[in-house]
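A.B. asks: TrEMBL feature annotations, pasted as is:
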{"type": "COMPBIAS", "residues": "467-476", "note": "compositional bias 'Low complexity'"}
{"type": "REGION", "residues": "1-26", "note": "region 'Disordered'"}
{"type": "REGION", "residues": "445-476", "note": "region 'Disordered'"}
{"type": "TRANSMEM", "residues": "33-55", "note": "transmembrane segment"}
{"type": "TRANSMEM", "residues": "67-85", "note": "transmembrane segment"}
{"type": "TRANSMEM", "residues": "105-121", "note": "transmembrane segment"}
{"type": "TRANSMEM", "residues": "141-160", "note": "transmembrane segment"}
{"type": "TRANSMEM", "residues": "172-191", "note": "transmembrane segment"}
{"type": "TRANSMEM", "residues": "243-264", "note": "transmembrane segment"}
{"type": "TRANSMEM", "residues": "285-307", "note": "transmembrane segment"}
{"type": "TRANSMEM", "residues": "322-346", "note": "transmembrane segment"}
{"type": "TRANSMEM", "residues": "366-388", "note": "transmembrane segment"}
{"type": "TRANSMEM", "residues": "394-417", "note": "transmembrane segment"}
{"type": "TRANSMEM", "residues": "490-508", "note": "transmembrane segment"}
{"type": "TRANSMEM", "residues": "520-541", "note": "transmembrane segment"}
Amino acid sequence: QELPMQTLGYYSQPPSPNPPSSPLQKSRNSIRLLSGILAVNILLLGSALVCGAAFSKVKVLSDEEMHIYLTILLILTTAWMIFYMVHTTSRPQAVLYKDSHAGPIWLRGGLVLFGVASLIMDVFKIGHSTGQLNCESPVKVTFPLVQLVFVVVQTYFLWVHSKDCVQKQSNITGCGLMLTLATNLMLWMSAVTDESLHQTGEEASKHNESFSHLRDGSMFFKAGGSGCKCTHSACEIFKNGFYYLYPFNIEYSLFASAMTYVMWKNIGRQIDDCSHHKISFRAKGIVFGATVGLLVVIAGLGVFIVYEVEVTRDTSKERVLIMYYIFSIIGLILMSLASLAGSIIYRFDKRTVVSTKNPTRSLDVALLLGAALGQFLISYFSIVAIVAEKTTRTINILNLTCSLLIILQLCLQNIFIIEGLHKQPYHAEPPVVSMVFINEGTSRSNLPSHKNDHDEPSPAENSLELSINSSTTHSSSSRMSWKRQAIKEMSVFLLLCNVIFWIIPAFGARPQFDNGLEELFYGFSIWVAIVNIGLPFGIFYRMHSVASLFEVYLTS
């Protein structure tokens, strides 16, 4: 009798539950195609509207019409999320599987933190707009109010359902998730454009440049400088506080976009997560990396405060820029060395490399590599300008050194993070207990003759046996733990350094404009475009690195 091929070992591993040609896989591809087309059209139309609202030479529409478009998207997305939570998830067998890698607690915690800041920003918008209802469009009040509701609903939706692998109503769910993703990207694009207009307006005023093709300072507060009087005294407070909350709102939109994309990739996915290890956070024993990292953060905050206060003064401008570049160079060197040392330690790490498909990990790697391009863009343009000018000023040499170190640091850090994300997590192993078995017939005969068979071992014998077992276990553990300790120390240090390198540009430091060399070489208009394109991605890279490094820390 012939045996089935499986029993003869023709399959070294079980066949995939969803082979490429299966009906389920074809259905998933159709859902992705349909929902992807929907998202692309929303984003392209939205991009045109944002550009039309930002550049006054485009007379097609006003910024009120752009906010109407965003308000419609927010209402539709909020309605779909409520429909999903109330109807879709209540259907039998709608969510059979959960992706344990999706929506980790630190990512959801960051989403809540940035969401709270976004809610405060919306309150500031509403407070400012209600004081100008006599001369402003009602859309300026409606938009932040609808966005406030959207942030609350979306934060709850992603906190509860970010791990779902939906099996029912796949078409509706796929289109709804792509609508949510496109809406968050549109909010990100609008916020980045508004922040760039605000920063560009300030820099143009410093350099006495005329930017007639741009709105006055901001899309949302455009009318504030055109004779519109506020009816209460808190308008200026709301307006100033609003810009300090921009970075949190930008990060919130990107966090939500990433979590939504993973949900979209998990539609129809069948997961066997038996091998997933529960990872817990422990900070015990992490001293060196945390201490040095906190020192870098404190020094960076001091440099940032002095920079913001002194950079506008011509007498101290160059001194402040030198201080900023020296701090950046020292920080980048330390981060590069830590990343390099971590990558070397990985060569001695015996953990296996995880090769299974994981949408969360794939997205993390793609975002790290993609977002780093923004900082590469600015650094390479700075290098070309400095080398072409052949300048020997101290500030320009420091700028060149800093640009080169940024490129080196990003490359080494990406290697360290990506390798760490692909390593099998350490998991708690059961303690090794050494046992001594005594043969009653032989071993007892070798004992001194004054002991009989019913005698208990002496306390000295017990103490000797336990000390041998304890020392054996301890030495084995110490041989295995030094690599984990080193990786954790470096992860914490890099995490804290990336936090301060996110804070400095996110809250308004712009040495790219203040040193003046690149602006003279490329011209103010071109250099503004380069910085406004590259800097948002560079800022996002730092925050995304923080989340990825935290995951590397936990899995180590």
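Cβ coordinates are placed from backbone N, Cα and C, and glycine is handled just like the others.
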A.B. asks: Given a Cβ distance threshold of under 8 angstroms, which distant residues of the chain, six or more beyond its ends, lie next to the transmembrane segment (285-307)?
C.D. replies: 320, 323-324, 327, 331, 334, 338, 485, 488-497, 499-501, 503-504, 507, 509, 511
A.B. asks: Return yes if the transmembrane segment (243-264) and the transmembrane segment (322-346) have at least 3 CB pairs under 8 Å (sequence gap of 6 or more), otherwise no.
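C.D. replies: Taking Cβ pairs at least 6 residues apart, the transmembrane segment (322-346) and the transmembrane segment (243-264) are not in contact, as fewer than 3 fall under 8 Å.
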A.B. asks: At least three Cβ pairs under 8 Å linking the transmembrane segment (520-541) and the transmembrane segment (141-160), pairs spaced 6 or more in sequence?
C.D. replies: no
